Amino acid sequence: MLIIETLPLLRQHIRRLRQEGKRVALVPTMGNLHDGHMKLVDEAKARADVVFVSIFVNPMQFDRPDDLVRYPRTLQEDCEKLNKRKVDYVFAPAVEEIYPQGLEGQTYVDVPGLSTMLEGASRPGHFRGVSTIVSKLFNLIQPDIACFGEKDFQQLALIRKMVADMSYDIEIVGVPIIRAKDGLALSSRNSYLTAEQRKIAPGLHNVMNSIAEKLIAGNRELQEIIAIAEQELNEKGFRADDIQIRDADTLLELTETSKRAVILAAAWLGQARLIDNQSVTLAQ
């Protein structure tokens, strides 16, 4: 496994791989890798000849400076995990390598609509930062496929739209959420939880299951369903942030013709803002 930190060296290897006709997969990450990331790596390895994993804590997508400062940086441990998985390349650039002129005045990629709705409404600029760094990684690594987790449901939808709108010839692969045995979705931010909070954390998934059961049963009183769910979360020790029930294919409001719904949930538990989602097939 080769660790690349500079753009000239990256470009040198990309040129060689292209000349050799290799099929390249990219797994973009911000590090602090867990089993969910490893599932992305496994999917990439199954679909390509060469796998790149990028590790870059992207300052452009953080809406709160304190969150950027305390985001876990575990490059050595991450590389050890990836080496055991037989990843070919790790691209781990410094911020100055990606944004040599700084963030102010940086050209960016913005995806209208999807970047400012739902999660984007509560985190201004977040998705603009995501789409910009993913676009830069696509330009630099020129992958044939890229793997993203379905835990970040809106992010995956945004990247699919960006790829379509910008005419990237890249297959986007969504990989299902990986959960702990108690149902908690794996996330780098789970490391913010205390031992006591970790015991409470699966409650978010349990509340989503309750919402899903109501939708499957034909209940469409969405405001009431959401209000009850928020109350349940608060009673469990969470601070409910946002719960939405949307059309899984458009992320717009549910209509009578919607075939699938997605439950999008975000809640604070101590210093950790946990997000999760669950798709539901609706009775027609």
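Note: Cβ is positioned from N, Cα and C throughout, glycine not excepted.
Record features, source Swiss-Prot:
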- His37: active site, proton donor (ACT_SITE)
- 30-37, 149-152, Ile178, 186-189: ATP binding site (BINDING)
- Gln61, Gln155: (R)-pantoate binding site (BINDING)
- Gln61: beta-alanine binding site (BINDING)
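Location within the structure of each feature annotated in Swiss-Prot.
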residue	record	DSSP (3 states)
Met30	ATP binding site	coil
Gly36	ATP binding site	helix
Gln61	(R)-pantoate binding site	helix
Glu150	ATP binding site	coil
Gln155	(R)-pantoate binding site	helix
Ile178	ATP binding site	coil
Ser188	ATP binding site	helix
Check: Under 8 Å Cβ-Cβ from the residue listed as 'active site, proton donor', six or more apart in the same chain: what's there?
Finding: Val27, Thr29, Val53, Gly149
Next item on the list: Find, among the binding-site residues listed as Met30, Leu33, Ile178, the one whose Cβ has the highest number of other Cβ atoms within 10 Å in the structure shown.
Entry: Leu33
Check: If you count Cβ atoms within 10 Å of each one, which of the binding-site residues Gln61, Gln155, Ser188 comes out on top?
Finding: Gln155
Notebook entry, point to check: Around Glu150 (ATP binding site), how many other CB atoms lie within 10 A of its CB?
Noted result: 17
Check: How many other Cβ atoms sit within 10 Å of the Cβ of Gly36 (ATP binding site)?
Finding: 20
Note to self: To the nearest Å, how far is the Cα of Gln155 ((R)-pantoate binding site) from the Cα of Gly36 (ATP binding site)?
What the structure shows: 16
